Structure formats: structure tokens, C-alpha cells
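Undergrad: Here TrEMBL flags 1-419 as domain 'Major facilitator superfamily (MFS) profile'. Per TrEMBL, transmembrane segment is recorded for 41-62, 69-88, 94-118, 130-154, 160-181, 226-244, 264-288, 300-320, 326-349, 361-384, 396-415.
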Amino acid sequence: MFFGICFSYFLRVNISAAIVPMTQINVGYASYEYWDSRIKSLILSSFFWGYVLAQLPASMLARRFGGKIILGGATAASAVITMFHPLAVVKGDWQLLCFLRVLVGLMQGAVYPCLHTLLARWVPHSERGFLCTFVYSGAQFGTAILLVISGSIFNSNMRWPGIFYISGGIALLWSLIFLVFGCDAPRNSNNISKTERNYIEASTGATEQSEDVDVPWRSIFTSVPFFALIAAHCGFTWGFYTLLTEVPTYLNSALNLDMKSNALLSALPYFVMWILCLILSPIADLLIRHHITSVTVSRKLFNSIGQWIPMICLIALGYINQTAITLPVVLLTVAIGFNAASFCGYLVNHMDLSPNFAGPLMGITNGISNLLSIFAPLVAGVVIHNEEDPQEWRKVFLITATVYFLCNLLFVVFGKASVQPWNYKLRNVASTSTNSSSTLTSISTIAYGNNLTSSTPG
């Protein structure tokens, strides 16, 4: 799953890197320097148009057919579409490129709901912070790797089309391997013992019957902690994708970095974020296991680190001297790097609130947050008329900092990390006897222990 999300981000980030050489004069290959900032913003945002639409349908398909087949199939399809990107713009037809990016987004919309569905069934509660963060840190690892190699690809004989061929080919290979060796749940695996299977199933809080139960939509959409989770997810996504799509342009235009330096420095923050993911997530689990913090306090603490430290860095970035390269790069690296802490905050909170419906919850929050993220590069395109003007970049950074502050504040005030009563709505449908009810009670007791009560205050 780590490499799955890693290669999925190859397909997502390649356009952010490629848009720079595509819109510069290239010797010996096609270039589209006449694409203005408005066209580039539309191209960069078009991925999210399809991505948003796919979230909830993908989460329901994952519950119905399992995360394995939906994730593997969607990744294979988006990989093939990606390899057709260079052909789409052979005559400078940016509208066709936008259409293909919408299709890639539509397929990639399955990634997070499917992964959440799989993780909710595979990862014990006490190991959730580290293992879930490790899997999702593949996004930063993939982003960093692609940005690092992009400079060499652009300077090779393949030029900018090479990044689409390489990222598509690797993602296609992964999807085939995953479809052969992946498993939807412990009970479907022949590679683990019965003891391990029973342990995992008991300690996740997810139940087999939940697949056949209707999602309690009314309870979900009247849950205050769930709306706080939506706010936290929106804040992270707006900030992350604003920086992801705009940093290569900022480094190239505002700081005047050449293509190879741009690629390396664009990748640096994501390497730092990946490393911090692996450092901070065990600390979060340790604090919970030793009862230093409740689960709720831990989620709020790390989400605040992940959004308010970047907020401070972006405010500072808007007011520093842009002629000095080192300080802006350091601030960008810290801002993006400390986003890692949010992975121990909002990103695992779906499974805290409802292990049985973690996939649909992720589909809802990811859909809403990415609906907003469509506007992130568009807002940047409206604000920035001269990409070399630091005053215009300041406005983008301050808008992003404001979103970070407000969204995390809502999560701190209203968020929780205790299992919500509607997670066990399935008792009314799947159990008609005392034995079924007691089984669910046993599962929740084994899986959460004192966390059900200890995490409630906060």
C-alpha cells in the first residue's frame, strides 16, 4: 500500500513538474510558451474535478467489492491514461489535456477511500498511528522522488513527455502486482495464521457484518466531531495542494532557479515531510500507549503541529526578502515538512470515529476537501498576474495561512477521537441474538480498551 500511494502520486504530481518545461522554449521538442497563467491554472486544477466526483462512489464500491480490486483497477486505468498525455497536446490542445487530467482524477479518487477501507481492516488500533502514517507517507515519498528525477528526465532525450511515460509505466506495473498478491481483509489471506487473523480482526474494531449494512448517513451528517474532521481535512488539503502545484512555478519565476535546481529544491520539502512522518507517528502512538495523552488530545496536538507551524512559516515567507534564496527555501521546507504531523491527526481520525465506515467517511471528507482544492490553483491564478512579483505571492501565502488557522481551530474545539455510537448501528441489522451483540461488544473492548473512555474528554 505504501508503494501504491507512492506511484499514485507519480500520476498526480507529474503535471506540476512538467508544466514548467512544457511552457518554456524547448530546442528539439514541442513547447507551449503561449499558455498563460490562466490556462496553466486550469490544467493544474483539472485533476481535482474528476477526483472530487469519484470519492463517495469509490468508497461505496470499496465496501461492496473490496478495496483491492477497485484500487488496483483504478490505478491501472489512470496509468494508461497518463501515458497518452503527450499525444493529447501534440497540437497544443490544452483542453484535451484537461480532459485526460479529469479522467486521471476520476480514477485516482479511489485511492484514499480504498486505502482507508483496507487499513481499517488490517491495522490494530494500537499500531494505527505509525502504520497508517507509514502507508500514507508514500505520498510524500512519491512526490519527492518524482520531483528529484524530473530534472534529469527533462534534460534527457525523452524531454518532458518522458515523465508521463515513466510514471504511467511504473504505476501500471504496481497495479498488476497488487491485484495478484493483495487481500481485502485478514480472513481472505492464506499467508497469515489463524491466531494472527483473529487478533487483527478483534483489535481493529471492524466487523465482517458491516459490509452488508447500510451506511448510517443521517447519524454521520449530524455528528459534530465528523464536521470538525471535515474542517481539518479541508485545511490540510488546501495548503498541501496550493504548495504542491505552485512551488515549482514560485522557485522558477520568483527565485529564478534553473530547471535542475528547481526540481531538487521542489523535492526537498517532501523528503523532509516523509522523514518526519516516520519520526512523529511512533511518538504519537507512544504517548497514547503510555497514557500520557488521550487519543483525542493526541489527534488535536499533532494536527495543530501539522497546520499551525506551516501557517507561521507561510506568513513569514510573505514578508521576507525574495532575492535571498536560502531563507525562502528553508521556510517552504519547514512548512511542507511539518504537514507530516497532520497524518497523526485528522488522517487517522476517520478510523477513530468509525472503523466500520472509515471508507465512506474518507470518501466524504476527501471529496469535500478536494472540491475546495480545485480552487487553490485557480485562486493563485487569479491573484498572480506577474509570477515574478513577490507582492502577489505574498497574497497567496497569506490566504493559505488563514485557511490553515481557521480549519484547525474548528478541529481543536469540536473534534473527538472516540468511536461514535453510529459505528455500531449494524447491531440492529446484523444481530438478532444476544450472542451477536456480545461478540461486537467483545471486539470493541479488545480493540479499544480504555481508549473508548479515556479519549472522550477533550
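First residue shown is number 1, and so on along the chain.
Any Cβ shown, glycine's included, is placed from N, Cα and C.
Automated prediction, rather than curation, is the source of TrEMBL annotations.
Please situate the listed features within the shown structure.
TA: Beyond its flanks by at least six residues, the transmembrane segment (41-62) meets 12, 15-16, 19, 35, 70-71, 74, 94, 97-99, 101-110, 112-114, 116-117, 215, 241, 245, 359-360, 362-364, 366-367, 370-371, 373-378, 380-382 of its own chain at Cβ-Cβ distances under 8 Å.
Long-range contacts of the transmembrane segment (94-118) within the same chain: residues 1, 4-5, 8, 11-12, 15, 32, 35, 39, 42-43, 46-55, 58-59, 61-63, 66-68, 70-71, 74-75, 77-78, 81-82, 84-85, 88, 135-136, 184, 350-351, 358-363, 366-367, each at least 6 residues beyond the stretch ends and with a Cβ under 8 Å from a Cβ of the stretch.
Cβ atoms under 8 Å from those of the transmembrane segment (160-181) belong to residues 3-4, 7-8, 10-11, 14, 17-18, 21-22, 26, 29, 68-69, 71-73, 75-76, 78-83, 85-86, 146, 149-150, 153-154 of the same chain, restricted to positions at least 6 beyond its ends.
Outside the transmembrane segment (226-244), and at least 6 residues removed from its termini, the chain residues within Cβ reach (under 8 Å) are 13, 16, 48, 143, 220, 269, 303, 306-307, 310, 314, 332, 335-336, 339, 342, 345-347, 349-350, 353, 361, 364-366, 368-370, 372-373, 376-377, 379-380, 396, 400, 403-404, 406-408, 410-411, 413-416, 420.
When Cβ-Cβ distances below 8 Å are used as the criterion, the transmembrane segment (326-349) is approached by residues 128-129, 132-133, 136-137, 140, 229, 232-233, 236, 239-240, 243, 247, 251, 255, 265, 268-270, 272-277, 280-281, 284, 298-307, 309-310, 313-314, 316-317, 320, 411, 415, 417 of the same chain, each at least six residues removed from its ends.
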Undergrad: Cβ pairs under 8 Å only, please: of the recorded stretches 69-88, 130-154, 300-320, 361-384, which one is richest in them relative to the transmembrane segment (396-415)?
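TA: It is 300-320 that shares the most Cβ pairs under 8 Å with the transmembrane segment (396-415).
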